[in-house]
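Everything below concerns the one structure shown next.
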Amino acid sequence: MKPFYSMSLVLFLVITLLPKPMFPQVATGTTGNVIRVGFIHCRDFQSAPITVGYRTSAAAASIAVDRLKRENLMSGWEFNFTIEFDDCVESEAAGMTVDLIEKHNVDVIIGPTMNQPTLAAFIVSNYFNRPIIAWGLVNAAQLDDFERFPNAGILSAGQRSLGVAIRAVLKRYEWSQFVYAYFTEEDTEKCVTMRNDLQQVVSYFGDIILAYSIQVADISNDGMIEALKKIQSRGRIIVTCMKDGIGLRRKWLLAAEEAGMIGDEYVYVFSDIKSKGYVVPLLGGGERPSWILSTGSDENDTRALKAFKQSIFICDMMGQGSIATNYTIFGQEIIARMKEAPYFCTKDCEGENFTVAATYAGQLHDAVYAYGVALDKMLKAGQIAQYRNATAFMRYFPQSFIGMSGNVTINEKGTRNPTLFLLALDENNNNTRMATIYVENMSATFNALYSDEGVMWASRKNNARPVDVPLCGFTGNLCPKSFVDEYLIWVIVAIVVLFLAITAAACGIYFSIQARRQEIERLNRLWQIPFIHLHQINSKQKGKGEHSVRSLQSGTSTLSSRTTVSFKTESRNFLFFSLQRESDYEPVVAKKHAYRPRLDDDKCTFMRSLRNLDQDNLNRFIGLCLDGPQMLSVWRFCSRGSIADVILKATIQMDNFFIYSLIKDMVHGLVFLHGSMVGYHGMLTSKCCLIDDRWQVKISNYGLQDLRSPEMYEKKDLLWSAPELLRAEDIKGSKEGDVYSLGIICAELITRKGVFNMEDRKEDPEEIIYLLKKGGLKSPRPDLEYDHTIEINPALLHLVRDCFTERPSERPSIETVRSQLRGMNSSRNDNLMDHVFNMLESYASSLEEEVSERTKELVEEKKKSDVLLYRMLPKTVADKLKLGQTVEPETFEQVTIFFSDVVQFTTLASKCTPLQVVNLLNDLYTIFDGIIEKHDVYKVETIGDGYLCVSGLPHRNGNEHVRQIALMSLAFLSSLQFFRVPHLPSERINLRIGMNCGSVVAGVVGLTMPRFCLFGDAVNTASRMESNGKPGKIHVSAEANRMLHLVGGFDTESRGEVIIKGKGVMETFWLTGQGTGAVSGARHVSAKKVSKKMDEIHRQETLKSDEQLSD
């Protein structure tokens, strides 16, 4: 073949000798509306019948005209065809072009179909400014030069589009560099042009590298192997260009296989415009695989197939890659219509080679159809007069439609935006389209047709995509050293460090587990209370945070109703202890549990969490005592008792705010409880709502549902339970049940009566529970009848009734109860403690006024106050205190201590008003004080109805102290014979007296209201003598008996051995009276006589005392 540029120069010289025609506005030489179309076909070229041959493609133009008519395009116009044959020779094509324009006066030229003839035709038509549209095998890059050929159209894919498509594939699979190998055998221009196009694309984008370009001039096996060896050291992605259909690809890949360059590392990229990929079209419509020679199969076919599987192919599928499904019918119509006008090809079109339409026949159809569409646009635009003017025509030529060669898009330059295809052999060796590549100018759109990229690399290990640069480089000398070789020392160090780290981690984990286990054991010990740490209250703890019983009795306020553990005795369900905490003692209450559950890990975790629950309105759970005779749950002791106690005693004047505050505290406790891991209380009663020193309600006995046993609850304890729980016999409870119980407790507070007012009901608890289980409209509920002197918010009454509604679903949640309570007292922010203080201040003020009136004379007269002070303290002590001097404690080696107590005073006081009690005691003590003044005895204090005296201090009197106390004791008993209670004349006062001798320490205690106090075991012994004595008798210790006999004049008799609390077994005596050796002048008094006279009274009081003790 001759070069294009030499041929173009010859054509230019020929054309310049021709006269340049003058183009009129209307086509000349035509009759009517006729479009003259000139065709330049290839008839006898060797491969023409398969691709663009006249006998297998020409009728496509007629089919296109028929389509224009069906679509009402160019209506009223006819098409006249003039056909010339250039036989794919450029000089013939140039001459035919001139002949068609000058001789036949055609309006447009369709063709030629080869590169060199098309170049000649473009040059001529450009000179005459006549439209020309090429198709078929036209793909030379020179023909895409818009500046050179602005008036020509091309319906086939251009060679330049291959470079853009190759870049798109490289970018898709992340290959940044490649090698280009090209063959010039029989077709020098195509591959050289493709090289130039690739270099232009690489330079334009700059994101890929053309690492090496090699021309394979020697196509022998050795020559190919030599070229491949050069490629091996420069790349693994090998783009190859060669002439199609002569077996070069097979030969090239077999040489690569022989050179060891067929494997997972290598990818051979074949690219061609005039190709169908891995198959070669044959005459008659057949195809043969590229790995099989045209001469037939041989022994290398299997090797060739394996090599072809390491390649991919970029081509246009000869214009049939995306054709319509009716292309077969289209091809059959072409063959049939070739025998009709205007072709009348009968004899020449016979034979097996002309039974199948040419592969590019669809492009001829699309070229004629595109020309008709453009003319129709000119017609409608009123530019039909310029239809032969190529410059005017090309403005209307860009368009898009679905043609017989697929989707056709003609750009502004008059060339078609091609659709290329990426092909690969699948597992079944089929020529498979893997992707479409739509090229538009210098850009390409890659659309994969697979869902899994692995199908692209099915012949490779793990279906893995190859890389453009091997791990070891192209020459193999860049392989990274093995980790062990390069870092052997570091590996050893790392192993040692790793071993040490693992060992340390294992040790850490072990010690962490051990520490965690020990921490859990420590936390478990916090709630597991040893029984040995629970102490009964005795005198040893009184000095460590506990007052004596007598001190509490004398110091207890009726308003405060405060008690300590010392007053509490064991009940059916509770025990009271002092919990030893190191050197301190804490008062606690222990609830008995008959059921001992198995404490697994979950229950132990729950107990730890339960102990950590801390809220102002929850009583603190201290723990469980598991090693005692009975399982006990230990709780903090609240000194003011429970709400039930407050209601029962009725000593507190509760107003609206007082009731509201107690209810609010209960609600806050339940809100916290319902939101905690405990969930609900289950057995909420007024007995387990305790009140602490600050008048704050604390809910107790929660969270131990698993320890509850039905037999531990009396019928009366179930009166707070909701009806649904009673019916189900569920002692664990529910949140709704807690709300019901809350309503019952609120009713108790409002009415100031016990649960269901059982004191005034005829029914017993069992009957009430039966009615509650039965339910219905007459199911019993507490009557909310309250003292109307107290202002109760009506909304509170409604809320309480809602709480003990029969249906659980209709009861308000505890959150709802809290929000409604807030609305009832939104204006007040006082707390209950402040309220109680205000009440106490008011009470104190009234008392102060009363005392002020009664003690006016004492205030007015200083002497009387001194007298009173001397009566309260010894004169020597009082004088020192008045002078501001410190009174040092003093030890008295031998004194006699006297204790007395009015028998059955509590019963007697219950029959009197407070004022009568005061008058009674005043009258009695006045008599006693008069007796004391006659003896050398110092009155230490009165403790309620008790009397404490001592002789032998503050003035020592040798052994006379025991005589003075004995005479005073006999005088006390004697004086009771004539004492009468004014308002109870039938009642008699009787005393229980105890005395003991020993050493004591005396001193003044306190700065505010100082008191002269006695300390020593002798005092406790005297107290035990009194408490273990009998009414109307003088109980004497062995030491006092010894001293009595020492001074003489008194009669005693042995009582025998008696068990004394805190002392053990002691022998004690009765002082029966005075003997013959008494001091002269002393009145003879017999304790026996006094006792005999009061024997009946004593017997009655003893019976009453026994009844109260049993209670």
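Glycine is treated like the rest: Cβ placed from N, Cα and C.
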Out of Asn430, Asn825, Swiss-Prot gives the annotation N-linked glycosylation site to Asn430
Whole-number mean pLDDT, the domain 'Guanylate cyclase' (896-1026), equals 88
What DSSP gives for Asn80 (N-linked glycosylation site), in three states, is strand
Once DSSP output is merged into helix, strand and coil, Asn407 (N-linked glycosylation site) belongs to strand
Among Asn80, Asn407, Asn430, i.e. the glycosylation sites, the one with its Cα nearest that of Asn353 (N-linked glycosylation site) is Asn430
Rounded Cα distance in angstrom between Asn430 (N-linked glycosylation site) and Asn300 (N-linked glycosylation site) is 19
For the domain 'Guanylate cyclase' (896-1026), the DSSP helix/strand/coil residue counts are 52 helix, 41 strand, 38 coil
Argmin Cα dist to Asn441 (N-linked glycosylation site) over the glycosylation sites Asn80, Asn300, Asn389, Asn407 returns Asn407
The rounded CA-CA distance in Å from Asn300 (N-linked glycosylation site) to Asn389 (N-linked glycosylation site) is 57
Asn407 (N-linked glycosylation site) sits from Asn389 (N-linked glycosylation site) (Cα to Cα, rounded, in Å) at a distance of 27
Rounded to a whole number of Å, the separation of the Cα atoms of Asn407 (N-linked glycosylation site) and Asn80 (N-linked glycosylation site) comes to 27
The correct three-state DSSP answer for Asn441 (N-linked glycosylation site) is coil
For Asn300 (N-linked glycosylation site), the three-state DSSP class is coil
